[in-house]
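Enquirer: Here you go, one structure.
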Amino acid sequence: MRLRRKAWARPELESDPKVIYNPMQYKENWQEAFGNNHPIHLELGCGRGQFINQCAELNPHINYIAIDLYDEVLVKALRKINEKALHNVRVIPMNIAKLESIFKHDQIEKIYINFCNPWPSRRHHHKRLTHPQFLSVYKKLMKDHSEIWFKTDDDELFKDSLRYFAEEGFIEKYRTFDLHQSEFTENIKTEYEEKFSNQGVKIKFGIFEVNKG
């Protein structure tokens with residue numbers, strides 16, 4: 001579903017220094033964007049920002065970068081950041097396919113992929129954020145033994161993604177087909193997750209470790 005463009009969204013984003021429109025300037029030194037050398041965690045497709053805001057609030061010693069393509073949802077994420085006066089989050093409006101242009105190798109310590117588009121049609125599988133063509137890029141940009149945390153409500157996407165991660169040499173550290181009934185205690189819910197779980201949908205979740213061998 002495409003979001004309706006809001007004319008006010010872009011000016012609001014452009015007026016806030018936490019929104020980075022030229023992220024390539026920090027490719028060699030993301031510490032400059034935050035003013036410290038704390039670890040970098042990345043959320044791909046941050047949506048309205050509930051997840052990354054709670055992460056940042058709980059972990060002030062970690063620098064978070066939220067990426068999404070749509071101004072309309074990024075504005076809502078940014079407002080949450082400002083309401084909580086968080087200083088350890090930056091927002092990037094961009095296509096996730098361009099990640100390699102803004103990060104150098106071995107720079108990211110964790111990636112979160114929450115409820116990405118499942119692209120059910122086989123001819124669109126290459127667009128999935130867990131497809132091997134994306135995973136191979138993430139692996140280069142991430143530090144060895146760092147982790148990708150992946151959540152979805154889609155059974156087929158989760159099943160295929162388990163295979164994708166294995167094909168790309170990731171180590172599966174954790175897997176559950178019903179996150180909210182599992183023993184996992186570190187979960188932070190997204191807006192979509194609350195909606196799906198209230199409808200009785202089981203949330204699938206996995207943790208996959210980068211293994212550069």
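Note: Cβ is positioned from N, Cα and C throughout, glycine not excepted.
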Enquirer: If Swiss-Prot says Thr190, Glu191, Tyr192, Glu193 bind substrate, which of Asp153, Asp154, Asp155, Asp160 does it name for the same site?
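Expert: Looking at Asp153, Asp154, Asp155, Asp160, the one Swiss-Prot places in the substrate site next to Thr190, Glu191, Tyr192, Glu193 is Asp153.
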Enquirer: Check Swiss-Prot for me: it has Glu43, Asp68, Asn117 binding S-adenosyl-L-methionine, so pick out which one of Asn95, Asn187, Asn198, Asn211 it puts in that same site.
Expert: Asn95
Enquirer: Rounded to the nearest Å, what's the C-alpha distance separating Asn95 (S-adenosyl-L-methionine binding site) and Glu191 (substrate binding site)? Just drop the number here, would you?
Expert: 21
Enquirer: List the Cα distance (Å, whole number) between Asp68 (S-adenosyl-L-methionine binding site) and Thr190 (substrate binding site).
Expert: 15
Enquirer: Excluding Glu43, Asp68, Asn95, Asn117 themselves, which residues in that chain have a Cβ inside 8 Å of the centre of the Cβ atoms defining the S-adenosyl-L-methionine site?
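Expert: These residues sit around the S-adenosyl-L-methionine site: Leu44, Gly45, Cys46, Ile67, Leu69, Ile96, Cys116, Leu129.
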Enquirer: At its widest, how many Å does the recorded S-adenosyl-L-methionine site span between Cα atoms of Glu43, Asp68, Asn95, Asn117?
Expert: 14
Enquirer: Find, for the listed binding-site residues Glu43, Asp153, Glu191, Glu193, the residue with the lowest Cβ contact count at a 10 Å cut-off, counting only other Cβ atoms.
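Expert: Each of the binding-site residues Glu43, Asp153, Glu191, Glu193 was scored; lowest Cβ tally within 10 Å is Glu191.
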